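Peer 1: Take this structure, written in C-alpha cells, and hold onto it; I'll ask about it next.
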Amino acid sequence: DRQTLVAVLQFLRRSNLRESEEILRREARLLGDDLGGNVATVATSSPGVAAVAAVPPGKGEARGDCGINPSSRREPGKREPVCCSQPPGLSVMLGRKGAVVVEDQPDVSAVLSAYNQQGDPTLYEEYYSGLKHFIECSLDCHRAELSQLFYPLFVHMYLELVYNQHESEAKSFFERFHGDQECYYQDDLRVLSSLTKKEHMKGNETMLDFRTSKFVLRISRDSYQLLKRHLQEKQNNQIWNIVQEHLYIDIFDGMPRSKQQIDAMVGSLAGEAKREANKAKVFFGLLKEPEFDVPLDDEDEEGENEEGKPKKKKPKKDNVGSKSKKQDPNAPPQNRIPLPELKDSDKLDKVMNMKEAARRVRLGPECLPSICFYTFLNAYQGLTAVDITDDSSMIVGGFADSTVRVWSVTPKKLRSVKTAADLSLIDKESDDVLERIMDEKTASELKILYGHSGPVYGTSFSPDRNYLLSCSEDGTVRLWSLQTFTCLVGYKGHNYPVWDTQFSPYGYYFVSGGHDRVARLWATDHYQPLRIFAGHLADVTCTRFHPNSNYIATGSADRTIRLWDVLNGNCVRIFTGHKGPIHSLAFSPNGRFLATGATDGRVLLWDIGHGLMVGELKGHTDTVYALRFSRDGEILASGSMDNTVRLWDAVKAFEDLETDDFTTATGHINLPENSQDLLLGTYMTKSTPVVHLHFTRRNLLLAAGAYSSQ
C-alpha cells in the first residue's frame, strides 16, 4: 500500500527520524522488488515492542505463512533474531487504518490517534447501557457469547473519554459499569481506574497493549449477525466503530458456546487466541534415542556362577533399547535442529538411567509415590528458586540475598578441581588421574556461589551436571561450573529482571524469560541470544523446553501460555484460560500434553497436537508454583503456596479425549464437571509453600520449599 508507506515516511521526516526513514525506504524498495510491491516493516528486538510482519497490498488479512492479521499488531509473526540499525525501540506498525508509530516511550498521540473521532461524551453511558440491555434480553444461547463484549467495550469507551479529556463523564462511566465486569478482570480494572487524565496514558504499558493488540472474541455466526443487526438498527455508530477498530471477532459456524465453555477459555489480557493461531503443525513426538551397547560390568561381578542373573537382565535391557528404536510418527526429523553429540560420560549416565529405570516403581491410583520433602529452615535470605539434578544427587537454591547455594544430597561431598599449582604436581599418566585432580581438603556438602547483584529467581542444572544456570533481578543469566564452583559466563540481553531460565533436555541450549516480555534462546558458547521470542503482552514468568527440545513453552503475566518453535522462532500455539499470571509449566514425558499452573490455583491440561484445553484440575487455593509428571507420565504432582502437594491421575485425565474435527475447529471443549475424581491425594506441610517438585529416576517424589513462620 504505497499511500500508507508515503504517510509513514512523511511522519518520520517530520519527526526528524532521518535514519529510520532511510532504513524504511531501503527496506521497502528491496522487498518491493522481491515481493511485488509488498511493504515490509523493520522488526526491532527492543523490550516490549513486537515485530510486525509484511502486509500484502490490498488484502485485509495477511498471508497464511505469516500467521498474523495486520490489524492485530502485537501478534507474533515470522520472527528472526535480528537487530536492525535503527533508533532503539522504534517499530513501524502498519494496519488497515494507515500507520501507527510506536516508540519505547510511547508517543501516545500517535498510538491513540484512533480515539479522536468522537461522539457526544454524555451519551456514552446510554450507548453502553443500551447494548447491555439488548444483550441481557437476548436468548440464553446468544447471551453468553455476546457478554464477552462488555469488558473490551467498557475499557475502550472509558479510554476514549479520558483521552478526549471528558474526565467527569469518564469517572461516572467507570463507577456505573465497572461492577458488571467479570471478577478475573479486577486487577486490570484497578490499573485502569488510576488512568483519569490524558497525561496518565503517556507511559502506561497496559494502556498501550490495549491499543495495539486487538481484543479477540470467538463468537458464532448467529450471535454476530444478531449483534450487527442491533447496532445498525439503533445506528449506534460509536460502539460499532469500536467493534471494528479495536476488536477482532473470530466467527465460527455452528452452535453458540455455553457459558461454561466460554468461561473456561477467556480471561487473558487480549481475549482468547484466534483459532488460526493453533493450526500450525507441531512435532510433539520424542526423538529416537541413540543406540549403544550396555556393558554388564556390575552384574558380572554379582555372580559368575549364577549365569541366570545376567541372562535374565539382558532381554530387559534390549527392551529398553528397542522401545526407542521405533521412530515416533509425530517426532520432528532427527536433525531438525542441531543437538550436541553424546560424550562418553553421557552414555555412561544413560546406562545408569536404564538400570535405574528397570527398578522403577510403576505408579498409579493403587500405588502412589512416597514423597520426600526438603525444607529449607532459617532461610531468612528468602528462598526464590530451587532445582534438583536429574539423578537427584544435588539440590540448588537461589536466594533473595543474591547468592546461589548448592548442596549435595548424597553422602558424596561436593569437590572442586585443585588449583593450577597443585595440578602441575600430578602424574598425568596415572590411572586415577580424574580422582587426583579433585581437592579433598575443600570438599563440603554446601558450596555458595557469589556473583549476582539482585535476588536469584531461576536456577537450572545442565543434564550432564557439569554446569548450573541462574538468572536474577540484575538482568543477567550466569553459567557456573560445578567442577570449579566459579562463574564462567554472564549472559546480558535482558534489560530488566529475568524471572526464569532452563537448560534444554539435551544441554547446550537454554532459554530465559523476563520482565521485558520476551523469551530468549541461548547456546552456552554464544554470548548473544540465538532467538528472541516476542509476542507476550506482559512479563514472561516461566519457561520450559519440550522433551524433544524443538519447542519452548512460555507462561506469562498476560495470562496466556505460548509454544514457540526453536527452529524459526514462530509462535505455534497460544493457550488462554487461566485467570491469573502463569507460574508453572510441565510437559508430559511422551511430549503430547502440557500442564500449566497459575495464581488462580487451577491446573489446566492442554493437548499440544490439537491445540485444545483437555482438563482442569481444581483443588489448590493459592498459586501453583510447581508441576511435575512422574517418569512414565502416570501421575501429575502439583505444589502450591497453599502448603500442599497434590497428586492427580494423569492417565485418567488424558484418556477418552474428544478431539474430533468439530471441537478442534470451534473450541467447543467439554470439561468434566468435577476434577475431584482425578485427585489421588493431598499432602499438607506444616507451614512450607511448595516451590519445586522432582521425580527421581525410580519415581520417588522430591519436594522443596522454605519454612515460613507466619
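Just so it is clear, glycine is given a Cβ too, placed from its N, Cα and C backbone atoms.
From TrEMBL, for reference:
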COMPBIAS  72-81  compositional bias 'Basic and acidic residues'
COMPBIAS  294-305  compositional bias 'Acidic residues'
COMPBIAS  317-328  compositional bias 'Basic and acidic residues'
DOMAIN    119-247  domain 'TFIID subunit TAF5 NTD2'
REGION    58-82  region 'Disordered'
REGION    294-348  region 'Disordered'
REPEAT    376-417  repeat 'WD'
REPEAT    449-484  repeat 'WD'
REPEAT    491-522  repeat 'WD'
REPEAT    533-574  repeat 'WD'
REPEAT    575-608  repeat 'WD'
REPEAT    617-649  repeat 'WD'
Peer 1: May I ask which of the stretches 376-417, 449-484, 491-522, 533-574, 575-608 has the most CB pairs under 8 A with the repeat 'WD' (617-649)?
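Peer 2: The listed stretch sharing the most Cβ pairs with the repeat 'WD' (617-649) is 575-608.
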Peer 1: Counting CB pairs under 8 Å, which listed stretch among 376-417, 449-484, 491-522 touches the repeat 'WD' (533-574) the most?
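Peer 2: Looking only at 376-417, 449-484, 491-522, the most contacts with the repeat 'WD' (533-574) come from 491-522.
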Peer 1: Grab the same-chain neighbours of the repeat 'WD' (449-484) for me: Cβ-Cβ under 8 Å, and only residues 6 or more beyond its ends, written as numbers and ranges.
Peer 2: 343, 345-346, 349, 382, 384-391, 393-394, 396-406, 414, 416-417, 490-503, 505-507, 510, 512, 514, 522, 524
Peer 1: As a test of reading the model: what is the averaged pLDDT for the domain 'TFIID subunit TAF5 NTD2' (119-247)?
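Peer 2: Taking every residue of the domain 'TFIID subunit TAF5 NTD2' (119-247) together, the mean pLDDT is 83.
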